[in-house]
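J.: Please read through the structure below; I'll follow up with questions.
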């Protein structure tokens, strides 16, 4: 049991050292470089703010179905990514959940865009905070 706890602690430490906290403009600029249309950036930055406070290394608490949400966009491990503990996942994005926790947001952006294309903005419970008028991101560029 002690060995298991040590391994878990080391894994979390390794993931945490690769994570970072972004801000609205750094996220908007990186997402733009990754091909996200500029007219969507205010929505994405709002979602990231409300889901993770712009932190890439966040693993949310267990949901009512036992699943967890990962990364800057809090992507669910039952449907979109493969949890490290081997639990069943549909893994629609074809990646490990730990790939959503690093300072490189490429995987998170690709997966989040897939979710948005399939389910729309309401896939995020925080969308209610982002569906109205949002501050412009023009000053970020």
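Just so you know, glycine gets a Cβ as well, placed from its N, Cα and C.
The structure displayed is predicted, hence computed values, not measured ones.
Copying in the features that Swiss-Prot gives for the protein in this structure:
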SIGNAL    1-18  signal peptide
DOMAIN    20-141  domain 'C-type lysozyme'
DISULFID  25-140  disulfide bond
DISULFID  46-130  disulfide bond
ACT_SITE  51  active site
ACT_SITE  69  active site
DISULFID  81-97  disulfide bond
DISULFID  93-111  disulfide bond
J.: Validating a neighbour-count step here. Other CB atoms within 10 A of the CB of residue 46 (disulfide bond): how many?
T.: 22
J.: Which residues, sitting 6 or more apart from residue 51 (active site) on the same chain, put a CB under 8 Å from its CB?
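T.: Those within reach of residue 51 (active site), by Cβ under 8 Å and sequence separation of 6 or more, are 58, 69, 72, 73, 74, 124, 126.
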J.: Going by DSSP, is residue 69 (active site) part of a helix, a strand, or coil?
T.: strand
J.: What are the helix, strand and coil residue counts for the domain 'C-type lysozyme' (20-141) according to DSSP?
T.: 54 helix, 9 strand, 59 coil
J.: For the domain 'C-type lysozyme' (20-141), would you mind checking the mean pLDDT of the predicted model?
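T.: Averaged over the domain 'C-type lysozyme' (20-141), per-residue pLDDT gives 97.
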J.: To the nearest whole angstrom, state the Cα distance for the pair residue 81 (disulfide bond) and residue 93 (disulfide bond).
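T.: Pair distance, Cα basis, whole Å: 6 Å.
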J.: Compared by Cα position, which of the disulfide-bonded residues 25, 93, 97, 111, 140 is the closest one to residue 46 (disulfide bond)?
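T.: Going through 25, 93, 97, 111, 140 one by one, the closest to residue 46 (disulfide bond) is 25.
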J.: Most Cβ neighbours within 10 Å: which of the disulfide-bonded residues 111, 130 is it?
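T.: Compared across 111, 130, the most Cβ atoms within 10 Å surround 111.
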J.: Among the disulfide-bonded residues 81, 93, 97, which residue has its Cβ surrounded by the fewest other Cβ atoms within 10 Å?
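T.: Taking 81, 93, 97 as the disulfide-bonded residues, the minimal 10 Å Cβ count falls on 93.
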J.: Return the count of C-beta atoms lying within 10 angstroms of the C-beta of residue 69 (active site), excluding that atom itself.
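T.: Taking all protein chains shown, residue 69 (active site) has 24 Cβ neighbours within 10 Å.
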J.: When the number of other CB atoms within 10 A of each residue's CB is tallied over all shown chains, which of the disulfide-bonded residues 25, 140 has the maximum?
T.: 140
J.: Say you check the Cα of residue 130 (disulfide bond) against those of the disulfide-bonded residues 25, 93, 111, 140; which is nearest?
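T.: Considering only the listed disulfide-bonded residues, the nearest one is 25.
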J.: Could you check which of the disulfide-bonded residues (93, 97, 111) sits closest to residue 25 (disulfide bond), going Cα to Cα?
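T.: Closest by Cα distance to residue 25 (disulfide bond) among the disulfide-bonded residues 93, 97, 111: 111.
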